[in-house]
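One structure below.
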Amino acid sequence: MQRVNLSTVSEFVLIGLSDAPEVRLLLFVLFLIIYLATMVANITILIAVGADTHLHNPMYFFLSNLSLLDILCPTITVPRMLGALLLENKMISFTGCLFQLFLFIDVVGTEIFLLAVMAYDRYVAICHPLKYLSTMSLKLCAHLAIGTWVVGFFNSLLHTSLIFTLFFCDSNQVDQYYCDIPPVLGLSCSPTYSRELVILVVAGVLGSGAFVATLVSYIYILLAILSMKSSESRHKAFSTCASHLTVVCLFYGATICTYMRPSSTYSPQRDRIISMLYGVLTPLLNPIIYSLRNKEVRSALRRVISQVRTAL
């Protein structure tokens, strides 16, 4: 019987960011601050949306899902990176690497589809406001949210199974601070052309499809904004839309650059920076851009704080 996994490698070494002690300490403090700020910002949004009935609507339902993803995404990679920077513990087991890659691709893929759903939600709200509540029903919102998580799960399952059924027999040094598709794929002793082709096609179809849907939604939103009579309303709506679109393009651009290309073009230094854009930076920017700048969210937070103070 043919073995499913012929690997002789039992663990991997995550190269990390730097070996210089003074640089490691600086990076540890920097990424610890970013990680804690990301956790606080996203947990705050989840509490505000959950505790305030004024925010129980489709937009904040999807924002809650985004905040949950933005908590999971850096949590999968950053704590281990911090441990490597502080304790120089760079080892990860074969199984640990498998699960880290699976979870990371699952969360990133789910967020790709969720951003497309959120863009559609804003399109309906701005371009068809009278039909918004009837179109974005509770049932549809639940189906869309569940759909993003399910597609993200199976997308990750496909990618992970394609990679970890390869033969790893020689080098075990992953040239990244976490297990990701391009650096792990580059370590395989097996022919990878057919699997790379499948990964490129799947990532291309799903990723590009979600990006085009998001972009088209925002184009219609911008056209609707330009037709507004009030210059003040146009300026406010355009400012909000532009900030949303900037973060969306940053996330899509970084993920497309990472996964929609052959592993032979992998560049460790460049890809570490790119991966930080969507794995570390956007989880911090999303709650600030989408939620904390919103008056309704700030008002909800003040009400929650007031209730806590009263209870105490």
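The count begins at 1 with the first shown residue.
Cβ from N, Cα, C; glycine included.
Features reported for this protein in TrEMBL:
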TRANSMEM  25-48  transmembrane segment
DOMAIN    41-290  domain 'G-protein coupled receptors family 1 profile'
TRANSMEM  60-78  transmembrane segment
TRANSMEM  98-120  transmembrane segment
TRANSMEM  140-168  transmembrane segment
TRANSMEM  197-225  transmembrane segment
TRANSMEM  237-261  transmembrane segment
TRANSMEM  273-292  transmembrane segment
Segment proximity, the transmembrane segment (25-48) to the transmembrane segment (237-261), 3 or more C-beta pairs under 8 Å: no
Selected stretch (most C-beta pairs under 8 A with the transmembrane segment (25-48)) from 60-78, 98-120, 197-225: 60-78
Leading contact stretch, 60-78, 140-168, 197-225, 273-292 vs the transmembrane segment (98-120) - CB distance under 8 Å: 140-168
Positions on the same chain near the transmembrane segment (60-78), where near means CB under 8 A and six or more residues out: 31, 34-35, 38-39, 42-43, 45-46, 49-50, 100, 103-104, 107-108, 110-111, 114-115, 117-118, 121, 141, 144-145, 148, 177-178, 279-280, 282-284, 286-287, 290-291, 297
Mean of pLDDT values spanning the domain 'G-protein coupled receptors family 1 profile' (41-290): 88
